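> Per TrEMBL, the features are:
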- 8-36: domain 'C2H2-type' (DOMAIN)
- 37-65: domain 'C2H2-type' (DOMAIN)
- 65-93: domain 'C2H2-type' (DOMAIN)
- 97-125: domain 'C2H2-type' (DOMAIN)
Amino acid sequence: MRHHINHYKCPKCDMTCPSPSALKYHIQCRHTQLRPFVCQLCDYSTKLVGDLRKHHEAHHSDEVKQCQTCQYIASSMSDLRKHIRSAHTGDTERSIYACHLCSKQYSKGHTLSRHLVSQHHFQWPSGHKRFTYCRGKDNIFTLQTVRYESLELTESVVRDDSPSVEEEEMEATS
């Protein structure tokens, strides 16, 4: 499972990232107050260009995002897609987020997160502001309890003079 090992550690917290660009994104979002992307039509500013695009679409676009099936009008295309999926496609299957410590179940991940913090005294993983959930074979989301940290090689592992596994096993049996 080598592809799950994150090699780039944040210098400000315990967060590890899979690439330099992911680390840069993490630092920009979590450790700076800079909001370099500024709306030209109001006083809104944000850390991410994608958030500025969403803001503009929701607040400054004249384009009407109306449902073709009913009279619903959305402020953004993503809201319209959510509406269509829940109201018109027959997609009534709800996500289930289950606590692995008790029998509580929730329809949203943030509600399970609130439960884990308040009832079971969990703390956010270092460098994160939310928990991560995994969908199981039963289609139920549960807390991801395995953290994939950065790979740290010690000198004894990479040195040529370190004993091999076979040598260590021979020493242990003799």
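Cβ atoms are placed via backbone N, Cα and C, with glycine included.
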> Going along the chain, which residues at least six beyond the ends of the domain 'C2H2-type' (65-93) come within the CB cut-off of under 8 Å?
54, 57-59
> Tally the residues of the domain 'C2H2-type' (37-65) by DSSP class, grouping H, G and I as helix, E and B as strand, and everything else as coil.
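Computed counts for the domain 'C2H2-type' (37-65) are 11 helix, 5 strand, 13 coil.
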> Summarise the domain 'C2H2-type' (8-36) as counts of helix, strand and coil residues per DSSP.
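Per DSSP, the residues of the domain 'C2H2-type' (8-36) fall into 11 helix, 4 strand, 14 coil.
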> Suppose you look only at the domain 'C2H2-type' (65-93); what would the mean pLDDT be?
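Summarising the domain 'C2H2-type' (65-93) by its mean pLDDT gives 82.
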